[in-house]
């Protein structure tokens, strides 16, 4: 046991510093060859596009090929034409809305203290800030989303996002330009307030993109995060929101479920889950007595 403990300590001693050195070397290369503006604006945009499409496109192929259908939440599929329409409009929205927003918000982030220089922040600082961003984003998003489900705003703005009652990964960012600006505020308010290091902002962006793509993917896998984290919403939670249109859908949260639970906007979803559990239990009982 002592030998194993000593070996693990040696492994930690050599591996952790070497990983940190590797990351710092890579970051040194970036800040040497690119300006702060280029990294914060075009680097962030490139990273977002890469993570978003690489994580979202597989669900287009899964749906078309019928792969992993056992894990699909809804039996319905989107037509190839509907999927292509989503992709084309996403590209237009990203270049026409997202990129200008990133560029014009750069002075605000700089004013609040965002930097890209070395040294990199410690993992304690990074994790603390990202946890804060998730909590703040979820609170702001919940109320903004509820407002979008009021009659006029739903009809003229939010109904664009709900064109896809059967969501797939890429539909997570398919929305009216006004909604992109409105709910995008929830994502950037945390970093805008704290002025983080750019590496923290990039990590937050990657996690947020992966979370929203997973929530819209249309599949509930055994390895889905909601199976391991009780307060995590995930695909099953948000898919219910898309199946019920207009103002009575509920499940307005983005990442966690506690806001919907506190304000009772997940009652329909919880009743449906209870009904499904009761049905499964009855079927199991019937099989036992057969």
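Residue positions begin at 1 at the first shown residue.
Placement of Cβ uses the backbone N, Cα and C atoms for every residue, glycine included.
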Seminar exercise, completed: Expected hit for transmembrane segment in TrEMBL across 180-205, 206-231 is 180-205
Exercise. Out of 126-144, 145-163, which range is noted as transmembrane segment by TrEMBL?
Worked result: 126-144
Problem set entry | Same-chain residue ranges lying at least 6 outside the transmembrane segment (86-106) that approach it to Cβ under 8 Å | 37, 40-41, 44-45, 48-49, 60, 164, 168, 170-171, 173-175, 177, 180-181, 184, 188, 192
